[in-house]
Amino acid sequence: MRYDVENMAEVPTTVVRWIIVLLLFLSVVHYSSCNQSKSGVQKVNFREKEKQVLDQILGRYDARIRPSGENGTDGPAIVRVNLFVRSIATISDIKMEYSVQLTFREQWLDERLKFNDFNGKIKYLTLTDAARVWMPDLFFSNEKEGHFHNIIMPNVYIRIFPYGSVLYSIRISLTLSCPMNLKLYPLDRQVCSLRMASYGWTTNDLVFLWKDGDPVQVVKNLHLPRFTLEKFLTDYCNSKTNTGEYSCLKVDLLFKREFSYYLIQIYIPCCMLVIVSWVSFWLDQSAVPARVSLGVTTLLTMATQTSGINASLPPVSYTKAIDVWTGVCLTFVFGALLEFALVNYASRSDMHRENMKKQRAACEALDHGPDPGDLMEDGNTTFPMVRQCEIHMQQSRPNCCKTWLSKFPTRSKRIDVISRITFPLVFALFNLIYWSTYLFREEAEDQ
């Protein structure tokens with residue numbers, strides 16, 4: 001066989017080229033496979049991992065069994081509670097209740113729910129079905145009505161943390177009873193409570209505690225129509241029954257009633273009605289229709305005002321501060337009406353006396369006899385000398401009041417003049433006693 005030397009020289013060169021091409025191809029394949037493996041690690045779907053973790057921890061979980069105590073002991077489960085008051089809608093004096101919307105949160109430790117967080121990649125797991133895990137049997141003991149919020153979705157969530165801590169949060173609206181003491185109404189302060197207790201678990205199995213720090217928070221710029229929230233206090237209210245002792249928490253909300261509304265709507269109008277009733281003292285005693293209509297109108301208006309006030313309050317067995325005020329104002333208005341009745345009677349009596357004097361003067365002119373007035377006064381016989389001595393003694397001891405009243409010859413006019421001074425003075429004295437008494441009592445209750 002003959003071989004071409006030149007072709008034999010080209011063979012090794014061709015082989016080398018093919019080897020280089022093959023090595024380059026292998027390096028490219030290896031590099032791409034490495035990149036694919038790295039990118040596969042970075043693109044791990046941790047949401048899928050969350051599902052796997054939930055299936056794993058809830059698959060063997062029994063929600064009927066309560067968690068163990070602290071440090072895995074057989075003690076009671078500790079549940080820490082905190083609240084966020086979103087709004088307070090109404091405070092009803094008639095029904096003695098108030099409505100509140102709040103975010104309610106509970107947190108406890110359930111070691112059965114521990115899971116691997118994949119080096120901090122999973123912060124917590126979220127549930128929306130509270131029936132999947134054990135829940136404290138908390139209820140609001142002074143609740144009248146309540147409802148959850150489901151728009152757009154149910155406002156509730158459960159968070160499970162890697163170390164087994166469970167956080168339950170829900171938004172609820174409640175109508176709660178609030179027994180009130182209305183003795184100082186409307187200068188009063190009311191304390192409305194929010195009570196939370198365990199329904200079935202005793203303190204041997206479940207204990208509620210307030211969360212450390214700031215367990216109750218209130219939304220800023222909370223506006224109420226007739227009250228101001230001054231402060232709130234947290235406390236414990238464990239209750240003992242014949243079935244055991246149950247853990248209980250409470251929040252006391254201290255409300256102060258806004259007095260400006262009642263000053264404008266009640267106190268000032270009542271004062272004006274009383275003052276208007278005094279106008280009749282300056283009217284002529286002969287203006288019977290004007291004085292009667294003024295007295296009756298103010299009396300009916302005051303009675304209507306009192307009825308409207310009582311309609312907005314519950315019927316209680318004790319006397320309220322507003323009852324004292326309206327009662328005295330009604331008495332003053334009624335007294336002004338009675339004063340006119342007395343003036344009218346005195347006026348007719350003055351007219352009768354004047355007629356008697358005229359008849360007496362006529363008899364004196366006819367008989368030219370002694371003055372019967374010197375011999376008879378109020379049906380009692382008096383000697384003329386004694387009468388002159390009494391007149392002399394009265395003139396020797398001048399009295400400023402009598403001197404001033406002597407300017408008004410008739411008794412009816414004197415009654416009007418005395419009423420013009422007496423009624424305002426007595427009403428001013430009443431105001432001094434009223435405001436000093438109830439304002440000081442209000443400050444004493446604050447302390």
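Using the three backbone atoms N, Cα and C, a Cβ is placed for every residue, glycine included.
Residues or ranges marked as domain 'Neurotransmitter-gated ion-channel ligand-binding' in TrEMBL: 50-257.
Break the domain 'Neurotransmitter-gated ion-channel transmembrane' (266-361) down by DSSP state and the numbers are 82 helix, 0 strand, 14 coil. Feature annotation from TrEMBL assigns domain 'Neurotransmitter-gated ion-channel transmembrane' to 266-361.
Under the heading transmembrane segment, TrEMBL lists 15-33 (among others).
Taken from TrEMBL, the feature transmembrane segment covers 259-283 (among others). Within its own chain, the transmembrane segment (259-283) is flanked in space by residues 186-187, 226, 290-291, 294-295, 298-299, 301-302, 305, 309, 322, 325-326, 329, 332-333, 336-337, 339-340, 416, 419-420, 423-424, 427, which lie at least six positions past its ends and keep a Cβ under 8 Å from the stretch.
Look at TrEMBL and you will find 324-347 (among others) tagged as transmembrane segment.
For 417-437 (among others), the entry in TrEMBL reads transmembrane segment.
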Restricting to the same chain and to residues at least six past its boundaries, which positions have a Cβ under 8 Å from a Cβ of the transmembrane segment (417-437)? 274, 278, 281-282, 324-325, 328, 332, 335-336, 339, 405, 408
